[in-house]
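Going by TrEMBL, these are the annotated features:
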- K36: active site, proton acceptor (ACT_SITE)
- Y268: active site, proton acceptor (ACT_SITE)
- R134, M321: substrate binding site (BINDING)
- 247-380: domain 'Alanine racemase C-terminal' (DOMAIN)
- K36: N6-(pyridoxal phosphate)lysine (MOD_RES)
Amino acid sequence: MSRFPARAVVDLGAVRSNARTLGDLAPTAQVMAVVKADAYGHGLLPVARAAVRGGATWLGVAQVTEALALRAGGVTARVLAWLYAPGAPLAEAVAADVDLSVSAPWAVEEVAAAVRATGRTARVHLKVDTGLGRNGVPPEDLPAVLDALLRLEAEGAVRLVGMWSHLAFADEPGHPSMAAQAAVLHEAVADAERRGARIEVRHIAASASTLTDPALHLDLVRPGLALYGLTPVPQLGGPDRFGLVPAMTVEAELATVKRLPAGHGLSYGHHYVTDRATTVGVVPLGYSDGVPRHASGVGGAPGAPLGVGGRRLAVAGRVCMDQVMVDLGPDATERAGDRVVLFGTGADGGPTAQDWADAAGTISYEIVSRLGPRVPRVHVGADPADAPSPRIEQEVP
Ligand SMILES: *Cc1c(COP(=O)(O)O)cnc(C)c1O
């Protein structure tokens, strides 16, 4: 399948289906598929195309460079980029028809300069810090930023198409801060409209609120994690509870399989010691590939789960830079080259990205998005009309 003895197989059919499911869950809103960070590790362009096939009319990214990569790949859907620092290539973004978020007064200046440089009108979304305390203009600074944007709009330099925000407690459905944050956004929009703004899209919901709170869907929802078939609210159940299908399966070939006697330590520090003569395997993926070292099997506790031939085993001992160990048991029939699944759809009780997150004390976002560049992405299930070039699609990013 590839020369590297491991891969992330990304099911684009699952991405299309998840995009459709999210659209059905938010029938009053447009779907902005969030594809930042190389589509959470799944591969930017194939995922973006699949999301559009699944009905997403917008794509969302953090960095301007990510938006430009979408355009360079021929993606024509609306694209919003929301995180950049002074000196970002905003003129290129405006020339490439990318919508830009504005989160600070300096950004208004830089957007205006990009408009002068390109002679094109910029579409902007004003981000309001309604309480997250991260990016966005605090309510008390809004009037000045709004005045500046509406002046530029009167000159034809910008179109203020969006006002938006992001939630602090979306993964705790029902948390009272969410209605309060939404109220601050609604108040800001009402004020802008009193001053003559004509806002096309108001948006505040990422995956969690798309899945759990229709009152927050507004005109557009911005799901990322759910597009990949994972859930930000695992306390409510697995992805299947929402009709989502995990898109990524990470698998490897066993590099070495051998017998070891009882009482033999495995991996650095011998945190795992065989309790009987057994067969052990080496899985050729490690922390440099994004396998969290916190998922080690140490102190008598099993590490993160591994699926081997329909059995559910666990990482034994320390996760190393390039490899992890597994105790296959005294009666193992596995041989070098046999397949090990780190995580996948979870069908038939197989391990999931959520299992890995639980084992490592983190969230599934981090498990998929930190998968390293050395691991080839293999995209399957592309819509034939998207005519992927297999060579390019499988290249290491
Ligand atoms: C990453 C991000 C999203 C998507 O979040 P998910 O929880 O993955 O759905 C939406 N909006 C903003 C501003 C983000 O940074």
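Yeah, the Cβs are placed from backbone N, Cα and C, and that goes for glycine too.
Overlay of TrEMBL annotations on the structure.
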residue	record	DSSP class
K36	active site, proton acceptor	helix
R134	substrate binding site	coil
Y268	active site, proton acceptor	helix
M321	substrate binding site	coil
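Distance from the CA of R134 (substrate binding site) to the CA of K36 (active site, proton acceptor) is 17 Å.
In the predicted model, residues of the domain 'Alanine racemase C-terminal' (247-380) average a pLDDT of 97. For the recorded positions shown (K36, R134), fewest C-beta neighbours within 10 angstroms: R134. Less than 8 angstroms from the CB of M321 (substrate binding site) sit G286, Y287, S288, each of them six or more residues away in the same chain. Cα-Cα distance from R134 (substrate binding site) to Y268 (active site, proton acceptor): 40 Å (rounded to the nearest whole number). Taking Cβ-Cβ distances under 8 Å and a sequence separation of 6 or more, the neighbours of Y268 (active site, proton acceptor) in its chain are G317, R318, C320.
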